[in-house]
């Protein structure tokens, strides 16, 4: 074992072969120098970015994903869900039985007309007896419709939320290597967005509609069998062809959907990266580049989607041909049975009508097969993540030490990152750290310093060697327990878009407000937090954007202090801060470092000179180690590195000035919280507790007189000074007027980049970071304005030829139904003729018409599906690009609003574009088809019997009113539901994008608890949507059957008076019946249309917004020869979300060209 670092040792001159100069390091072979990995960049940074685009779709089907059946989507249904599913099945069955039972009543009624046409009194009595039965059917359908829509909608959101929860839990429990080598945050977020939405649709509304149609088809066939089994068998002879068509739909759609999701995962990753780093994008004028990359990533899914539409049209068209062919065959067979005296006309009519209803319903159910297959494909991807066993399991059993002293040993470790197994990072790395000691790791970028921190946190396991805590291999320890003993403070602290209190409390589950405040005091953060209007309730914004760099770091340190760690890991904790902020943060760190073993990765001299041991890392191993003085005296790598860096006396003076100022501002906080939390004193804290501790030897506090870079590449030892930190020239930096207390570097830089606009001075404002309201207090936004359908249609202007052909296809398909009603009513009237030859000739004629309708339906189905599929896919792409363009025009202050964080916006890009596209895809084609059926049916009805048509039409306003109410309530609920999901997605996105912080602080449970709470509201809105939709649909069904009752009562009256014939009555009835059936089917699409309208309003609310600072505005001066002189003259500024908290008041600054 290597010799342990003893804090009392003094370092002697170090270098290869000088054992007394490196008391903490395993002896290295002579000749080892600072040769690093091939890459000049830091290894971890490279791993983060290496191959992200290529891996973006790995969760979406790039790798081999185990297939699942559709019914496995229901594996997370609990007892309540099973009852809801049962209720939904019963409701769909009751609703689906309505039309087949209607066919029985209808057949009996037609027999009454045909057999009693010469006896008006008997006809009238029989009609009056039968027509009330339609009302009873309507009541049953009302109850069934309500149960069907409510139960399926509610259980779907319940189950999907459970899947979302377990998916997020599984993601957050994965090892860090998984995120770097197998997937990306964008691909994982696709699981919570598109995949879960697809699953919810497949196990919710879509299943309810499909069961409704299947029950209709099955019961219709049963009715047909009971009325004429031989004729029914003839019709069922074509069933294998229908099954083949269904199989083809499922197979092709699954394959194409998988490809499409792969491509969309890459687009989502690009969107997430762009929107979550919008300041960087703006600062480098990267809007157009980001937009072009995003647009290019959408090309492949559009191509696949268009191909999918063409295949679907071919298969649906073939299904229509088979169905109409079956009707022709059945009619011909039925006429032969009538001629043989085996069937009556009424019998044939019963079988035909029941089979017609069943076949029509089956045709409506067939397109849903693709959605079930899509759901199974999405479910397979989601379940693959949920079932993945992490290589490093947080909850795997392991040893938990009773007492932890904090001694660390790294023994002959080799390590390669999983994403780059061919690039060695550490090779024979050894280091021994005594309990309570502070060891600083310095060296060039890419030498492996941060990798050591990652191995100590056990983000990875070494490929060889071992890492020990108190002599126990980390792999033997229970991982969650281990990480509770460690605290990590990194260069860029990760804060959630929640309150300061909640961010600090994430350091330890169950922390009280008093403990949170004590931790903040210890971190020198209580002063600035208390000065904020909302204090600890202040929201920090997405990624902590509302806080300055120093404030974010102090909050992160408070979180680390609250954890009461035995080992503190500081990874460049102050390297991104200015001198003043560094000093304040370093003071907070000093208090924490006195209480535990500390490993520091640093570039700056100010953070390492007071360390017990400084280890110079190069080539994946320790080159030399010792104290600051000892290493300087040795004249080795460390001495060379320090000697190449010279800071001006003006820097030191500036730092001392900042120190003096901060001493006055922060004396009230200094060290208080550490004592309150039991992390200082004369005894080491027991494992996991907050009790007094004694750390024995005195702690050496780091010097802060300089700020020097120790790890820049360039020289043999990586020593190069690229910039000076601090005030380069007091005359340049001195403001002409006093600054507002709390002014931060972030605000100043933001002003220079024109991320915000200055505001007029206000009285009584305090400086500091602005406060973002809590979600329920967020600024009111103008309600999105209604958007005309024409505006959306204009986005599809390039597809006008496709629209033309699509409308022709839909119109022709819609006209098929009125044509069918003419043929069908004419054939029924022939069944009551007494002339056999007339029956034979008429049957041949109308059967050929049926075949012609089938051929036309096949041709026009292909045209309709391809055309509207092409329109929908290209519209979806344009909406995404249009939204992204509008988003990249908005000023930075707009993104600071809680409702506009990157998670919400990324979710809108995916879900809203999908919903808008739905209005012009298959849904638009089917709605157009049903509209033509409605118009054509009414035209035919008026031409054959205007009196009866008017009577039936009297109830149409009730049907329209029901549809309008249904649409309105569903739209409102859908808007609230989508908005609530967007907020929960932000939490998930922040966690997934900062998995190292989540892992280091074992925050998985806290994040999932927060996410679970955010799913309550969308569940409530989905429940409301299901209830409103069910009532609206049920009422329309009841009104529809009431219309049938009224129609036949009046038809009986007309026929009994001799004012109409059976053929005329049937023509009117079938025309209106098929038109009304189309309306009923259209109503099932109203939830999709309503969600699409709500999404359209949200999209154009963003598109139409005029940004306060518009980088795309061509107006304004352009300096021909820009020297670079910067001036701020009497600037007053407050963040948009806190207009009363002034950051700058009459601030002036002049920076001559070329000066720092």
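Heads up, the Cβ atoms here are built off N, Cα and C, so glycines get one too.
What TrEMBL records for 1-10 is compositional bias 'Basic and acidic residues'.
Annotated compositional bias 'Acidic residues' per TrEMBL: 660-671, in sequence order.
Look at TrEMBL and you will find 672-689 tagged as compositional bias 'Low complexity'.
Under the heading compositional bias 'Polar residues', TrEMBL lists 703-714.
Under the heading domain 'ABC transmembrane type-1', TrEMBL lists 86-374 (among others).
What TrEMBL lists as domain 'ABC transporter' is 408-644. Here the domain 'ABC transporter' (408-644) has a mean pLDDT of 84 out of 100.
What TrEMBL records for 804-1091 (among others) is domain 'ABC transmembrane type-1'.
According to TrEMBL, the feature region 'Disordered' maps to 1-58 (among others).
What TrEMBL lists as region 'Disordered' is 654-722 (among others).
Residues or ranges marked as transmembrane segment in TrEMBL: 83-110 (among others).
Remote same-chain partners of the transmembrane segment (130-157), defined as residues 6 or more beyond its termini with a Cβ less than 8 Å from a stretch Cβ, comprise 77, 80-81, 84-85, 87-88, 90-98, 101-102, 105, 108-109, 112, 200-201, 203-205, 207-208, 211-212, 977, 1018-1019, 1022-1023, 1025-1027, 1029-1031, 1033-1035, 1037-1042, 1044-1045, 1048-1049, 1052. The feature transmembrane segment is assigned by TrEMBL to 130-157 (among others).
If you look at the transmembrane segment (210-227), the same-chain residues 6 or more away from its ends with a CB under 8 A from one of its CBs are 88-89, 92-93, 95-101, 103-104, 107, 148, 235-236, 347, 350-351, 354-359, 361-362, 364-365, 368, 372. Annotation comment: TrEMBL describes 210-227 (among others) as transmembrane segment.
Residues or ranges marked as transmembrane segment by TrEMBL: 233-254 (among others).
Residues 230-231, 234-235, 237-238, 241-242, 245, 248-249, 252-253, 256, 351-352, 355-356, 359-360, 362-363, 366-367, 370, 827, 843-844, 846-848, 850-851, 853-855, 857-866, 869, 922 of the same chain lie 6+ residues outside the transmembrane segment (311-333) yet bring a C-beta within less than 8 angstroms of a C-beta in it. According to TrEMBL, the transmembrane segment annotation covers 311-333 (among others).
For 802-828 (among others), the entry in TrEMBL reads transmembrane segment.
The transmembrane segment annotation in TrEMBL covers 848-870 (among others).
The recorded stretches the transmembrane segment (1031-1053) and the transmembrane segment (802-828) do not share 3+ CB pairs below 8 A when only pairs 6 or more apart in sequence are counted, and are therefore not in contact. Residues of the same chain lying 6 or more positions beyond the ends of the transmembrane segment (802-828) and with a Cβ under 8 Å from any Cβ of it are 110, 331, 345, 349, 352, 356, 796, 842-843, 846, 849-850, 853, 856-857, 860-868, 870-871, 924-926, 928-937, 939-940, 1063, 1066-1067, 1069-1071, 1073-1075, 1078.
Within its own chain, the transmembrane segment (848-870) is flanked in space by residues 305-306, 308-310, 312-314, 316-318, 320-325, 327-328, 331, 799, 802-803, 805-806, 808-810, 812-813, 816, 819-820, 823, 920-922, 924-925, 929, which lie at least six positions past its ends and keep a Cβ under 8 Å from the stretch.
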